[in-house]
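*Asks:* Sharing a structure, written as structure tokens. Questions coming.
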Amino acid sequence: MSGARVNAELGANDMDITNSSRHHSENLPYVHKVGVPPKQNLVKEFTSALKETFFSDDPFKPFKDQTKSKKVVLGLQALFPILNWGRDYNLSKFRGDLIAGLTIASLCIPQDIGYAKLANLDAQFGLYSSFVPPLIYAFMGSSRDIAIGPVAVVSLLLGTLLQNEIDPVHNKLEYQRLAFTATFFAGITQVTLGVFRLGFLIDFLSHAAIVGFMAGAAITIALQQLKGLLGIRKFTKKTDIVSVMHSVFGSIHHGWNWQTIVIGVSFLVFLLLAKYINRFLAFSFDLDLLLPPQGKRNKKYFWVPAIAPLISVIISTFFVYITHAERHNVQIVNHIKQGINPSSLDKIYFSGEYLAKGFRIGVVAGMIALTEAVAIGRTFAAMKDYQVDGNKEMVALGTMNVVGSMTSCYVATGSFSRSAVNFMAGCNTAVSNIVMSIVVLLTLLVLTPLFKYTPNAILASIIISAVVGLIDIDAVILIWKIDKFDFIACMGAFFGVVFVSVEIGLLVAVSISFAKILLQVTRPRTAILGNIPRTTVYRNTLQYPEAMKVPGVLIVRVDSAIYFSNSNYIKERILRWLADEEEQLKEHKEPEIQYLIVEMSPVTDMDTSGIHALEELYRSLQKRDIQLVLANPGQVVIDKLHASHFANLIGEDKIFLTVADAVLTCAPKVEQA
């Protein structure tokens, strides 16, 4: 009988070990032990971490178990997505792409001429940049809706940075060469980010900072257009609002031209009305006005704001031509060079003092262009429920800018206004970009002489009406409601651009974004937990005031990984929580704290400094006769706790699967004490 009893006890012990459980008392329910993960091979662990960091989307999955010929085909389709979707292309899809392509072409031609002037380049360079880059993107891009070409913000940024190095008037050729050099390096930057899968770097510029930067850039661009809108000839080269307004009002008596103002303001009003006329038309004619979605109503009249800029150019050009308004000091475009893009490979600075300057400007412009294009691509992809590969987009955008720099183009990217029109016009694929490109080509070959009498005021009006949409008031209000620190980032970027310069605004945006990351990393949140009545759930007592604290036990949750940057703060914050709690208990003459339970569910990782901080916390608690207990450490954390022997230091019986298990084990001891 005694042998059977021993065997039974051994069997029970074996089962206890097998099930990873422990029983502290016959009266206590089952408490599951925290599992220790099997030791991983170092190479395998490193490979796994590398794969998750750079290849989280598993891009090589389609290539598995394929023949060599099939892998070649898949590789080409990955590099040129047109080879994939082109197989299913048909006449029905082409009809939608044709209409969309013609529509965005009518919008892009006048915009391109204006944006080129914003970059301090001749008008034809804007048209060049809507011919070659869209063709390249159509073959390599993964977005079906994005419309490629020059955009206002990048044009302003490029123009501002370039003119700080070279005067665009007195050194025109050198300025153009530096523009091509910057475009080349913008493309190289984008391709590099895509090839090495470093696209996550653009995420360091937060959404709030982008909203503020775009709004500030829109104000700055609009202010710059006052020169053309008012007919001012001598205008400041600075972009800050104080300098611009001083220049505007300083020339009010001798610099303003009333004929130019009449033309510019009249067509600006027309363009702004056209921009929102679809809403009025929908209100007048749509019987289902009260029914969602609103986008359906507006989509019916998408062509009105799309065609308005071209109509404005045609009417104003004809008006100036028949009245010879240029003789009354109305400034006109004059000459746009006719013909296809000339080669500019020999004009790129590959050596000399301007190489480094071109590289610096190109990296900045390339990153901003990339941020805008990826955001636009993802927005419309979500609306149509398909996936856009961010890394492929970077390679496509970079390649088109590298090729563009060799064909007299400056930095091109996705345009939100044109992409929105492209989407509403019913585009199905990137063929709409090809259609637009062909129309721009015909314009360069045949129609450029017709723009000779186009007034600069109309280009200013087109740009102002286009950038108005970059000011997103609703987004700013939402940012204020959600996160005040995000609002500071938004306003910092906005005021930096408006009151200082575009590059300072960008620097402020990046700095505040990094400051927020550093603040969140170095000062993570911690919380005191209490028990929700009639449950075994423990939650933040500030969020749930009804949550009850456990007598003799303090439960603290750490809401962050514990690294060298925050480990000392977390240790000190926990001790401060403990000191405050002990002070309150002493005032109310309640039992002292005997157990400190640290809830570690949110702690995703821990480094050496984190382990040392826990050791110091343990020693500090030992001096106060308080036991340190850990609850629910994750796989990575528990592995490091065992590797550092910290688990042995505090005792494996002090590490629990849940806070409820820890309290269940500790609370009876508190009562007994």
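Glycine too: its Cβ is placed from the backbone N, Cα and C atoms.
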*Asks:* Using TrEMBL as the reference, determine which range in 136-156, 178-198 is annotated transmembrane segment.
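*Replies:* Feature transmembrane segment in TrEMBL: residues 178-198.
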*Asks:* Counting only pairs at least 6 apart in sequence, do the transmembrane segment (301-322) and the transmembrane segment (487-515) share 3+ Cβ pairs under 8 Å?
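*Replies:* Taking Cβ pairs at least 6 residues apart, the transmembrane segment (487-515) and the transmembrane segment (301-322) are not in contact, as fewer than 3 fall under 8 Å.
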*Asks:* Which residues, given as numbers and ranges, are at least 6 beyond the ends of the transmembrane segment (204-223) yet have a Cβ under 8 Å from it?
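*Replies:* 118, 152-153, 156-157, 239, 241, 244-245, 367, 371, 375, 463-464, 467-468, 470-472, 475-476, 479, 483, 486-487, 489-498, 502, 505-506, 509-510, 512-514, 516-517.
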*Asks:* Find the member of 178-198, 361-382, 457-480, 487-515 that has more C-beta pairs under 8 Å to the transmembrane segment (394-413) than any other listed stretch.
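*Replies:* By Cβ pairs under 8 Å, 178-198 leads among 178-198, 361-382, 457-480, 487-515.
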*Asks:* Summarise the domain 'STAS' (543-666) by DSSP state, stating how many residues are helix, strand and coil.
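*Replies:* Its residues divide into 63 helix, 21 strand, 40 coil.
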*Asks:* Looking at the domain 'STAS' (543-666) alone, can you tell me the average pLDDT?
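*Replies:* Mean per-residue confidence for the domain 'STAS' (543-666): 93 out of 100.
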*Asks:* Which sequence positions outside the transmembrane segment (457-480), separated from its termini by at least 6 residues, show Cβ-Cβ distances below 8 Å to it?
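*Replies:* Cβ under 8 Å, 6 or more out: 110-111, 113-115, 117-118, 152-153, 208, 211-212, 214-215, 217-219, 221-222, 225-229, 231, 260-261, 263-265, 267-268, 271-272, 275, 309, 312-313, 316-317, 330-331, 333, 416-417, 486-487, 490.
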